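Reading through the structure tokens given below for one structure.
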Amino acid sequence: MLNKLILLLILSSCLVLSVKSEVNVDCSLVRCAQPICKPHYRLNMTDSCCGRCEPCTDVACTLQVKYCQDGEVPTGCCPCTLPPTKPDCSLVKCARPVCKPYYRLNMTDSCCGRCEPCTGVACTLQIKYCKDGEVPTGCCPCTPQPTKKPDCSKVPCPKILKYCQEGELPTGCCPCTPQPTKKPDCSRVPCPKILKYCKEGELPTGCCPCTPQPTKKPDCSDVMCTMDIRYCKNGELPTGCCPCTPQETKVPDCSKAMCTMDIKYCKPGEKPFGCCPCRENLTQ
């Protein structure tokens, strides 16, 4: 029994000595290379002479990008960011692209550059015409100068009146006609009922406008026309191979007209129209 007690005392003393030897390690006699921890890991030197990497916990890093300075390595709990590598453009030969309007040239990570849309750029609304040799490129491009007037000596223009549409300017060899600013009061203006074609240079404007000349006579060699009188419809012109007959007068309102039963012969120049028409004198 005594021998067993002595053996237990010896074993307990050995354990105490071994624990003390592990806690109090003499690192002066230890040679090792400290490990390089990857980003978001840190070196722990608490219970090791050479240290070991462990994850960073309870560490707050800013969201702002911090680029590494000269010689700095992206390690630690809040590592820096390596700056973008610039290519060696000394041995590169290329033609820089010409960017279209509202695009700009970016030379950040390319030797020849690339075009990218302009963002965050404010341009004035005032028109800036391009100078001699200037090209309309860049974020706020210039406006090309209007071209010279063309040679209109050999350009045939139609004689039909063409009014300018919205936004159209009376320019070019065959310019449009500006819209009349104000229509005249034609309620008391009597107009002749005879068809009047426009003369050269005359425009069908005013209270009694002329009728534009037909642009081209049609080929009526194979057209058969009847002998029946066909009056022109509303807006129809007496043109074409089988022209209509112009309406002499509008149909009057004869609901209140009082006509006699006596025969009334037409006077010279009078035609049998109206509510009480005359009768043509066939004996003359």
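Glycine residues also receive a Cβ, built from the backbone N, Cα and C atoms like all the rest.
Residues or ranges marked as repeat 'A-1' in Swiss-Prot: 25-64. Residues annotated as repeat 'B-1' in Swiss-Prot: 65-82. What Swiss-Prot lists as repeat 'A-2' is 88-126. Positions annotated as repeat 'B-2' by Swiss-Prot: 127-144. Summarising the annotation, Swiss-Prot assigns repeat 'C-1' to 145-159. The repeat 'B-3' feature in Swiss-Prot is assigned to 161-178. What Swiss-Prot lists as repeat 'C-2' is 179-193. The repeat 'B-4' annotation in Swiss-Prot covers 195-212. Annotation source Swiss-Prot lists repeat 'C-3' at 213-228. Taken from Swiss-Prot, the feature repeat 'B-5' applies to 229-246. Annotation comment: Swiss-Prot describes 247-262 as repeat 'C-4'. Look at Swiss-Prot and you will find 263-278 tagged as repeat 'B-6'. Annotation source Swiss-Prot lists signal peptide at 1-25, citing sequence analysis.
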For the repeat 'A-1' (25-64), distant same-chain residues with Cβ under 8 A (at least six beyond the ends): 73-79
Segment-level pLDDT (mean, integer) for the repeat 'B-5' (229-246): 77
Residue counts (helix, strand, coil, in that order) that DSSP gives for the repeat 'A-1' (25-64): 3 helix, 8 strand, 29 coil
